[in-house]
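As recorded in TrEMBL, the features of this protein are as follows:
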BINDING   G115, I135, G136, D137, Y138, V139, L140  S-adenosyl-L-methionine binding site
DOMAIN    1-227  domain 'tRNA methyltransferase TRMD/TRM10-type'
Amino acid sequence: MKIDIVTLFPEMFNGPFNNSIIGRAADKHILDIAFTNPRDFTYDKHHQVDDVPFGGGAGMVLKPEPFFRAVANIKKTLAPESKSRILLMCPSGQPFSQQKARQLAQYDSLLFICGHYEGFDNRITENLADEAISIGDYVLTGGELACMVVVDAVSRMLPEVLGSEESAVTDSFYNGILEHPQYTRPREYKKMQVPDVLFSGDHAKIRLWRKRKALELTLLKRPDLLENYPLSEDELALLKKIKNDCTLI
């Protein structure tokens, strides 16, 4: 997958994108990540990318020209048949989710536009991007951190990026609910014990335990996720048992 990022601060990505999963994916050429600074597409001597808002108000607004030019230049590098998507990182965008990560992983190319200062000139928002994405109802200094989150989540969906394809499938949120608890050695630590069922060798019992724990955690910590989760008949019955368990409530 080709990933282009339009940002005023490309150096912010050095640490996160040079290490761990994204760094390894780039080394294996699974990800091709490039950065474009809109300042390089300004024609004044000060390389100005922002200006005061019309009508007055605090802060500075990002000008349309440098961003339109930057995106046009990137588009020239894309293959004609490439399936691409332009994403604007801003707080007014659609909430990012695991489902959106899976959708974006189907593209050949993603182009991210990161904002800063008071925000984008609205002509950028309405005419340059295919969609706007937000990672939450809070304010960040710029879109770079949000972009890192989205790239990381999408990258995990790509074949060969993770050490095991099962890792992504069993991640929390991949199937719409939280993941079951995980344990490793030692079996006992400071009198805290690993559940016996995990040592039973009965894979059916282990699967049932994991499903129950996943539903329990989701019910307790993120019940909103169950509203849109397509529960099977077995899961509905299991969830009913969980709700009737007075020790849980």
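Glycine too: its Cβ is placed from the backbone N, Cα and C atoms.
A TrEMBL annotation is a machine prediction, not a hand-curated record.
Sequence features annotated in TrEMBL and their locations in the structure.
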residue: G115; record: S-adenosyl-L-methionine binding site; DSSP class: coil
residue: I135; record: S-adenosyl-L-methionine binding site; DSSP class: coil
residue: L140; record: S-adenosyl-L-methionine binding site; DSSP class: coil
Cβ-Cβ distance under 8 Å to Y138 (S-adenosyl-L-methionine binding site), same chain, at least six residues away: P91
Neighbour-count leader, CB within 10 A, binding-site residues: G115, G136: G115
Listed in sequence order, residues with CB under 8 A of L140 (S-adenosyl-L-methionine binding site) and six or more positions away: P91, A146
Binding-site residues listed as I135, V139, least Cβ neighbours within 10 Å: V139
Where the record names G115, I135, G136, D137, Y138, V139, L140 as binding S-adenosyl-L-methionine, the maximum Cα to Cα distance in Å: 16
Spatial neighbours of D137 (S-adenosyl-L-methionine binding site) that are distant in sequence (at least 6 apart) but have CB under 8 A: P91
